[in-house]
Amino acid sequence: MSRPLLSLLTFLFLSIICNAFSPENPTDRKVLVLLDDLSVKSSHSLYFQSLQSRGYDLDFKLADDPRVALQRYGQYLYDALILFSPTIESLGGSLNAAAILDFVDSGHDLILAADASASDLIREIATECGVDFDEDQAAMVIDHTSFAVSDTEGDHTLIAGDNFIQSDVILGKEKIKAPVLFKGIGHSVNPANSLVLKVLSASPAAYSANPKSKLSTPPTLTGSAIGLVSVVQARNNARILISGSLSMFSNRFFRSGVQKAGSTINHGRSGNEQFVTEISKWVFHERGHLKAVNVRHHKVGEADEPSIYRINDELEYSLEIYEWSGTSWEPYVADDVQVQFYMMSPYVLKTMSTDQKGIYYTSFKVPDVYGVFQFKVEYKKLGVTSLSLAKQIPVRPFRHNEYERFITAAFPYYGASFSMMGGFFIFSLVYLYHK
Amino acid sequence: MMKVLGFLVLLALSSALTCEAAIFKPISHSHRSAALELFTPADGSFKSFEEAYEALRTFEVLGIKKQPDQRADTCASVVDTLSSPSSALKDLFQALRVNGLLNCELNKKAFAGIVPRLKDAVKIASSLLDSYYSVGSLVLIKGLSSDVDVHLESADSVFRAIKALGQSDGRWRYSSNNPESSTYAAGIAFESLAGVISLASSEIDQSLISMVKNDISKLLGGLEKYDDGAYYFDEKLVDAQGHQGPLAASSAVVCGITSFATVSAENLNLPGDKILGLARFFLGIGVPGNAKDLYYQVEALASLENNRVSMPLILSLPTNVLSLTRKDPLKVNVNTVLGAAAPSLTVKLKQIFSSGSKDSSVIDQDLKFDHKNAVHYLDALPKDIDVGSYVFTFEVVLHDSEHRMIYATGGRTKVPIHITGVIKVNNAEISALDSDLGNVETRKKLDLAGENSVCLSANHLQKLRLSFQLTSPLGHALKPHQAFLKLTHESKLEHIFVVHNSGKQFEIILDFLGLVEKFFYLSGRYDIELTVGDAVMENSFLQPLGSVELDLPEPPEKAALPPPLVVDPSSRFGPKEEIAHIFRAPEKRPPRNLSYAFLALVLLPFVGFLVGLLRLGVNLKNFPTSAPATFAILFHLAIAAVLSLYFLFWLKLNLFITLKALGFLGIFLLFVGHRTLSHLASTSAKLKSA
C-alpha cells in the first residue's frame, strides 16, 4: 500500500521540481508576496494581475503572519519574494533580514518597495543589497522643477521621473514615453559597487529632505545622485529590485495621467505600468538571462578537439549563447562577445563573429609562448546575466624535429661538408692506388 | 489591526499636508471605468449569483448603461433555481436579488411554491444568515408581485429571535451556539429586522424597535476614527470567508442601518458627523482594485445617498493648487457621495490658517454660485493672502431648513490649499572678495532668468560672494525650501551649500581658506550652479552661473583623499579593446642568392682539387688485382656508404638510426679496411725490399 503512495509522492515532488526555478527554466514560478496589510492586494491589484497573467503563482501573506516561512526542510518554498511591507518592524515566523539575504544568496529574486515610513528592517535589507536609503526618516524626494502637476498634491513630492537607464534588456525594447510617477524616499548607491544600477534617477534639481521643515544644512542626497529605483544583479545572477516608493506600483498611479511641470504634454496615463511591468520581467528572469552551450575549439581544418596545442597553431573557437525569453531559449544576438586566450593575462582578446542564430565563432593563431592557457569568455553587459566560461588548454613548444630542416643560409656549410667528404673519398682512392 | 493600518496607508495617499485637513472626492469616472474592468467576467458568464448581483448592482448604482450580454444565461439559471424545490436558501435569495435587477420573466406560480417554504424557514431559522436569506427573499418577492401573500403573522417572535443574537455592545452573533460576535453580522441583522418590519402583518411592538434603536446607537458609539475625520467600523472577527475587513463590516452596517431607518419610520437620531465620517471612509479608499471591495464601497455609498435620514454632502475642490499669478478663482464643489447635485446651499469661507504658524485669519465670506457649472467660487482670494500653504475652513449652509434635517454637512470642513505664484528674482550678483579687507576684486551682475556664464578666478585667500533677492507677488520675503549653491569640480566632485537669507536678501560668502580641506585641496575649474525652488514658487529654477578657477595650495601629507567618484555604469560594461599577440620576429637571414653564391664559392676548392688531380695525371695503377681487389672494392664502397649515410642523416634520418647503421658499417669497414690496407702495406714492403 505504501509503494503506490510513495510513487505518488515522488511524482508530486518531481512535478513541483519541474515547475520550479532551475537552470534550464530560469523564470520564477512561485512568488511570496509579503504585505503590511491585505488591502494592498486590492489597491495594487493591477500590478499583481499583470504578474499572475504572466503565469506567476502569487502567495499573499501578511508580513507578520507567524506561519510565514521561506523554506521548509532545507528546501525553499518560493522562487522569489515581493516585499511590499515598508512599515514592518519585524517579520513573522522565523523570517528576518538574514533569512531574506540567505534567500537571495541562494539565487532567488527579490522585489522590495519602501516608503516614507520605511522601517529599519526594510532599510537594513536594502543596505545589505548595496542601496542606502536616506537616513533621515522624515525625508522624501522633492523636486521643484520636474514634479508631476497635480490638483491635490502641492508639496512637489510627487515626482515625474524620466531619467531612465539606457538599457533595452532591463526596460524592454519599447521606449517608455510617459514619465513615471514616484512618491517616496530616495537612496544612494555606493560608487564602488558594480552590481547595483540606478534604473530611475532623480533630476539634477531634486533633493531629499523633510518637506515640512526648513533646511539649515545641505541635504545628504541631491541631484542625479539620488536613485529612485535601483536594481541589483548579484554574482549568482539573483536579481533584486529596490524602489523607494510603494505607491509607484499602485493602481492609482497606474491609472493616473501625468503632466510634468513646465511641459505642455499631458500624458493620459503615467509610464508606471509599463516601467514596473518591464522591470519585473527583468527581475523574474524573463529577459537577459543567458546560457552558453557547446563550447568547442579545434585546429583549423580539423574537427576534433585536441588535448594540447603547439605554439603558432591556427585554431577555431566557437560557442552557442541562448537567451531565456520566459518560455523558451532563443538565440542571443549581439556583436560584443569576446574570447580571451589567457595565461596570467590575456595574450589574445578577440571579438567573435556571429551567424545571428546564437553561434559565435572566431579563429586566431596560438601565441608563441608555451604554458597552460585558458579560453575565457567573460561576458558582462548591462542588465544581462554575466557569462563566465573558462576552459584550460596547454600549449607546447616545437618538437626537435618540427623546426625547419634545410636553411638556405646554411647551404655554404652543407656544401663545405659534402665537398670535404667527396674530396676525402677521391683523395683516399688517389692516395692508396696512385702509382 | 493590520487592515486598519492598510487603509491608513491608502488614506495617506489621498490625504495631504495637515492631519485634520483632507481631500475626499465623490465617485467619478475612474470608478466607472474600474467597474467595467473588474466586473466583466473573463469567460463570458458570472460564476455565481452573488458575483452577478455584485456586478449588476455596481453597474446600476454607478449608472453604467451597458446591459451585460449574460442576461439570457443568467435569467435562465435564475428561473431554474427558483423553480427547483431543492435550492438552498442562500441560492434562492441571491437568485431573487439578481432577478430584482434583471427583471427576468418569472412564472408567478413558482412563487407560490417558494413562499410557504420561506415562511417555514423564517420560523425555524436558527442562525442569523438563515433568517437573513429567508426574510430577504420574502421582501424581494413582496416587491415583485402583490398578489402573493408574504406577510408574517408571527413577526414579533421572529423579530425577538433575531434580536436574541444581539450582544450588549451592539454587535451580533451568527448563531446561538457561536459565541463570537461580529460587526458585519450586526449589519445583516439590521437588514433582516428591517425586512421583518416590512413583512409584519401587524404593527411590531414599539419597545422592540426602540431596543434596536438603542443597539444602533451603541454600535455607532464604537466607531473608530482616523485623523482626517473618517469613521469606520472595525471588525475583530475575521472568518474564513475573507472579505470581512473594516470595509465589508462598515458597508454592511451602513446598509443595515439605512434600511432599518427607512422602514421603522422613526427618527434614529443618527449623528451627522459620523455619517459624514463613514462616507469619507468609503470615499477615502479611492478606486479599489478588487471587485468585492468596489461592490462594498459602491453599495454603502448608494445606501448613504438614498436614505432619508441623513445624506452626507461632500465638499471637494477641483484643485487645491491655486496660482496667485494666474489669479485662479477658488472653486468648491458640493455633491452627494455619488456625485449628484446638492440642494441649494451656500458655501462660506470661515477661516484661513497659515500652515507653519498657529495664527489664523477669520473671514466670513460667502462663495458665489455658478449655476451653469454648479460650482461655488470666489473671484479673488482675500487680499492679504500671499503664496504659501494654507488650510481653508469652509462651512456649508443649506438654504432650506427641512434639508438641514436630511443632509449631513459635518460642520466646518478643513481643506489644505497651496497658493503658488511667480517669485521675482533680482539684484543677483557674484563677486570675488579679498579676504581681509573685503575689497571687491571682480563683481559680475547676473540675470537669473536668462543664461549666465561668468568666469571668475580666486585663490585660497579670497572669498566668493553670491547674493540675490526674492520677492513674493505681494512684495513679501520668501524663504524657499531649496536654495542651494553647488560647486562642481572638473572631476565631478560636488559641494553643496545652503544659501541663507535675512528678509528678502539672500547671501552666501564662501571663504576658501576654511574650505580647502573640504575641497580636498583640488585646484581647478569649479562650475557654479544655483538652485532655488519651493512648493509655492512657480518659477523654481536650476541655473548654471558659470565657473570659478580656484587656485588652492598643495595638499599636506596627511590630507584626506577625495572620495571615489561615481562611475558611469555603461563604462563598466561593453566590449574591451582587442588584444593581438605580438609574435617573435624570425631571425634575420642573408638573401638566398648570397647563400648560393657562397655555396658555389665553397664548392670551388673541390673543383680545383679535381682539376689539380687531373693535371697531375693521377692513375689507379696500384689497384690490387685478383682476390684483394674484392676487399678493396668493398672497402671503398663501405666508405661511400658511410658518406651517403651522413648525407641521408642530413636529409631525413635521425641520430639513432644513423648511429646504428654506422655501427654495422664501421665494423665491416674495419674488417675490409684492415684486409685492404694490410695487403697494400705488404705489397709496398715487398717493393721496398725488392
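Just so it is clear, glycine is given a Cβ too, placed from its N, Cα and C backbone atoms.
Marked as domain 'Ribophorin II N-terminal' by TrEMBL: B:27-305.
The domain 'Ribophorin II third' annotation in TrEMBL covers B:427-550. Each residue in the domain 'Ribophorin II third' (B:427-550) gets a DSSP state, and the totals come to 4 helix, 75 strand, 45 coil.
Feature annotation from TrEMBL assigns domain 'Ribophorin II C-terminal' to B:583-682.
Residues or ranges marked as signal peptide by TrEMBL: B:1-16.
Within the same chain, no residue sitting at least 6 positions outside the transmembrane segment (B:594-617) brings its C-beta atom closer than 8 Å to a C-beta of that stretch. The transmembrane segment annotation in TrEMBL covers B:594-617 (among others).
Residues or ranges marked as transmembrane segment in TrEMBL: B:629-649 (among others).
Residues or ranges marked as transmembrane segment by TrEMBL: B:655-672 (among others).
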> Near the transmembrane segment (B:629-649), which same-chain residues lie under 8 Å Cβ to Cβ, leaving out any that are not at least 6 residues past its ends?
Replying inline: 623, 655, 658, 661-662, 665-666, 668-669, 672-673, 675-676, 679
> Helix, strand, coil residue numbers for the domain 'Ribophorin II C-terminal' (B:583-682) per DSSP?
Replying inline: 79 helix, 0 strand, 21 coil
>> Looking at the domain 'Ribophorin II N-terminal' (B:27-305) alone, can you tell me the average pLDDT?
In response: 79
